[in-house]
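Right, one structure below, let's go through it.
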C-alpha cells in the first residue's frame, strides 16, 4: 500500500511517498520558507499560505517524475489537518481533496503531532515496540505521552505556558539574535567560555507532576541580560549555554520521572527540539545509565516534513481510517 503525504501546517511545504508494506519511504521533497520569514523575525501566516499554493503542485510533479510513479500507484493521500495555521492547513487539505476527487483516491486527515510522534519509525534501524513514553518537544508543544498501542495516547504532562522550542526562539529574540532562534541559541551556546557564569532556574524540575513551565526561565534570561553590564558576544554565549543547560535539564528530568512512573523502558523523542545535540546527549546518558531504550527521528525529519505525514497516514489507513473527499475540516488547535 502506497501513500502520498502532504505537510503544510506552518512554514514547510512537504510531500512524500511511503510504502507501508515495505515500511519504507520511497521519496520526499521539502521546501522551507525560513529565508522568506527570516526578515520578519517569525512566520507571517498569509505569506506562508501563498508559498504553499505556489510550491505544492511543483513538488508533486517533481516527486512523481523522480520516482516514475503515477497517481494510479497511490492508494491513499494523507494530509495534515490539525493543528497549525488555518490558512496553511486549508491549502494542503484542499490540494489533497482535489487530487483525491480527480483520481478517485481515498484521503485521510492526519494529526500533525501524531506525525511527529511516529517520526522515529522513519529510521530503518528503529524497531519500536509498544508501550513506550514519548516526549514531543517543538516550538508549539512540549508534551509527554504514554503510548500503549497505535492511536492510544495518554497525556502524562505538558507545558503550562511556553513550549520549550518557543522559549528557545523567544530567548534568541531577547538577545537580539536571528531567526530561527533555537538553532542560533544552540550554536552560540557551543561557544561558551565560562559555563558557570550564569545560573538560571529549572522551573518545575522538582515538582512531582510531569508538567513543564518555561516562561519563568525566559524571564530569567531577560532579567540577567538586562542587569549585565558587559553585554559582549562572549557573555551572550555564556548566557545561551546557561539557558540551554537549564531547559534540557528539565526535559531530561521529566522524561526520567515519566519512565519511572509508567514503568516503561522505552523512550521516543520527536519534534523540532529533538534535533538539539545537548538533549540527545543527555538522554543517551540517561538511557545508558538506567538501561532504557531511546529512539530519535533521523535529523532531517525532526522538523516538519511530508514523510512523517505519509507514514502516519499509512498507519491510520490500514487501521480503518479515511474521510470524505467532499469535506474539509482543519483546526488551528487540537489535542492529540
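Cβ atoms are placed via backbone N, Cα and C, with glycine included.
Sequence annotations record features per position, and here Swiss-Prot assigns Fe cation binding site to 112, 116, 304 based on sequence analysis. Per Swiss-Prot, the feature substrate binding site maps to 136, 137, 138, 139, 140, 169, 182, 276; the stated evidence is sequence analysis.
Distance from the CA of residue 304 (Fe cation binding site) to the CA of residue 139 (substrate binding site) is 11 Å. Residues near residue 136 (substrate binding site) in space but far in sequence (CB under 8 A, at least 6 apart, same chain), listed by position: 113, 116, 117, 142, 143, 144, 145, 270, 271, 336. In the three-state DSSP reading, residue 137 (substrate binding site) counts as strand. Counting every protein chain shown, 24 other Cβ atoms lie within 10 Å of the Cβ of residue 139 (substrate binding site). Distance noted between the C-alpha atoms of residue 304 (Fe cation binding site) and residue 137 (substrate binding site) is 12 Å. Each of 7, 9, 80, 113, 115, 138, 271, 305, 308, 309 belongs to the same chain as 112, 116, 304, is absent from that list, and has a C-beta within 8 angstroms of the C-beta centroid marking the Fe cation site. Applying an 8 A CB threshold to same-chain residues 6+ apart, the list for residue 276 (substrate binding site) reads 182, 186, 244, 248. The separation of residue 140 (substrate binding site) from residue 112 (Fe cation binding site), Cα to Cα, is 11 Å. Shown are the binding-site residues 116, 138, 182; the one with the most C-beta atoms within 10 angstroms of its own C-beta is 116.
Counting only same-chain residues at least 6 apart in sequence, those with a Cβ under 8 Å from the Cβ of residue 169 (substrate binding site) are 42, 139, 179, 180, 181, 182. Around the Cβ of residue 137 (substrate binding site), the same chain contributes 143, 163, 164, 165, 251, 269, 270, 271, 272, 273, 274, 279, each under 8 angstroms and 6 or more positions distant in sequence.
Around the Cβ of residue 112 (Fe cation binding site), the number of neighbouring Cβ atoms within 10 Å comes to 25.
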